[in-house]
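Just below is one structure, and these are the notes that go with it.
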Ligand SMILES: Cc1cc2nc3c(=O)[nH]c(=O)nc-3n(C[C@H](O)[C@H](O)[C@H](O)COP(=O)(O)OP(=O)(O)OC[C@H]3O[C@@H](n4cnc5c(N)ncnc54)[C@H](O)[C@@H]3O)c2cc1C
Ligand SMILES: NC(=O)c1ccc[n+]([C@@H]2O[C@H](COP(=O)([O-])OP(=O)(O)OC[C@H]3O[C@@H](n4cnc5c(N)ncnc54)[C@H](O)[C@@H]3O)[C@@H](O)[C@H]2O)c1
């Protein structure tokens, strides 16, 4: 390969007066947020991305899965048209236009992010980077190899779907999540392996498109770690839709079935499931291999994640890690916030008054039907720690808007401190839960009281009225 040596050196000054060249490896939510903030604060920033600016886990998983779920949601809504006073209609999937919808959104976001980086004067390199020393790295790209010297660096290389050694995805019938947006052939039936957040979203996605779905659940209920009441609501919905739940089973092999052209999944308890497709949703692995972390003296844990302190600093004080690779909460929203906090730290802003990143206050949502969202302290967590809490729960069916929407499913639950009224957490199950949780998330972050919610003049008719009622 043609080798170009292009050494970049510091020109900017951070707030504490140190000249700073900031190298970022990985252009996902963590990387591009850190890049734009640090550049805005005056750093000279270089960002290296090997696949897609915007992030592979973000643009090849998070965004397309939500796009497909939105289309599936439109299909399942069309099955309830009669309840809206309309004649029933039966839409069909148009794979070509669905593919171009998914790709169109991906390209638009990718372009927006590149323009944003460009507008902040960030140097973008398309290539694969690796450390060659504590202050040097190399990036291999279409223009050859570039050597980069840096004063501070951020590793934000994300994660990829975990592929176990007992299965070889073929991108046709045995799929990883990234083969599903949409799959080459649309499944008549599909077995989803793994019942974490990804698994249940894929069950919802394929069943709303009309596929017959089986779910291999390694524990006794879906969504381990989530509020059991919330997981129960989802399981009831799955069962009502005809989803087959194989509880307490772990998949051991997935093979092509020569007779049917489909697949056979065998579980460790002897159960066997046949379907036209299977998809692995058994978690992710961090992208830390081949990064030259040893050369930079950066340590990883036994699973390949990079341990960091509360400022996202690794064991090397000038090297940071953020996003999935840091082994913290693997969410795009968290990755972005970590990236922003890293930029502030690298430019010395942590010495002035600032808010620490608190992972316990991260809101998250599961894009199923019903939608599920939560933030802060969970009821089960409070009970297990013996903490006194006040729990108020209001079903959406009490609001006029739920009936107008022809969808009275779900509820709002707010958890507060009985002595002070401070909002500690909450969960929402039902339509627009991912949007509505923002009110509780703001209350949790800003230490607001339940009275701050119920004394706000909210819109009528709206689902948020259930929030105000739960706060009262
Ligand atoms: C199916 C699925 C659905 C999800 N849905 C949601 C959701 O709804 N909401 C949510 O908040 N989160 C969601 N997530 C999680 C979210 O996608 C990730 O937490 C987020 O993308 C992590 O951001 P990141 O910046 O760490 O990594 P990424 O987005 O993966 O970006 C890292 C980038 O680094 C690049 N890279 C890797 N190695 C190198 C190298 N050596 N040199 C140069 N570049 C390199 C990669 O190409 C990649 O583009 C979902 C995840 C999955 C799997
Ligand atoms: N809407 C969202 O925000 C969203 C969507 C998807 C993922 N995510 C993020 O990604 C994280 C990871 O979620 P995930 O679901 O991809 O992974 P996960 O690790 O949380 O869940 C994987 C599940 O697969 C099970 N499993 C492993 N091997 C198995 C086998 N052989 N057979 C059957 N089951 C098996 C595990 O026991 C586990 O329950 C989430 O915690 C979340 O932070 C977020």
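A Cβ is built for glycine as well, from the same backbone N, Cα and C atoms used for every other residue.
Summarising the annotation, TrEMBL assigns domain 'FAD/NAD(P)-binding' to 22-339.
Annotation source TrEMBL lists FAD binding site at 66, 157, 158, 159, 324. Within the same chain, the residues at least 6 positions away from residue 158 (FAD binding site) whose Cβ sits under 8 Å from its Cβ are 26, 28, 30, 55, 56, 57, 58, 286, 287, 323, 324, 325, 335, listed in sequence order.
Annotated NAD(+) binding site per TrEMBL: 194, 195, 196, 197, 198, 199, 200, 201, 283, in sequence order. Sequence-distant contacts of residue 283 (NAD(+) binding site), defined by Cβ-Cβ distance under 8 angstroms and a gap of at least six in the same chain, are 161, 162, 194, 196, 198. The DSSP secondary structure for residue 283 (NAD(+) binding site) is coil.
Here the domain 'Pyridine nucleotide-disulphide oxidoreductase dimerisation' (363-471) is broken down by DSSP into helix, strand and coil counts: 41 helix, 29 strand, 39 coil. Annotated domain 'Pyridine nucleotide-disulphide oxidoreductase dimerisation' per TrEMBL: 363-471, in sequence order.
Taken from TrEMBL, the feature active site, proton acceptor covers 460.
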Contacting recorded positions, sequence order - 157, 158, 196, 460 vs ligand 2, Cβ under 6 Å: 196
Most Cβ neighbours inside 10 Å, all chains, among the binding-site residues 194, 196: 194
Coarse DSSP state, helix versus strand versus coil, of residue 157 (FAD binding site): coil
Residues among the recorded positions 194, 196, 200, 283, 460 that border ligand 1 - Cβ under 6 angstroms, in sequence order: none
Across the domain 'FAD/NAD(P)-binding' (22-339), average pLDDT on the 0 to 100 scale: 96
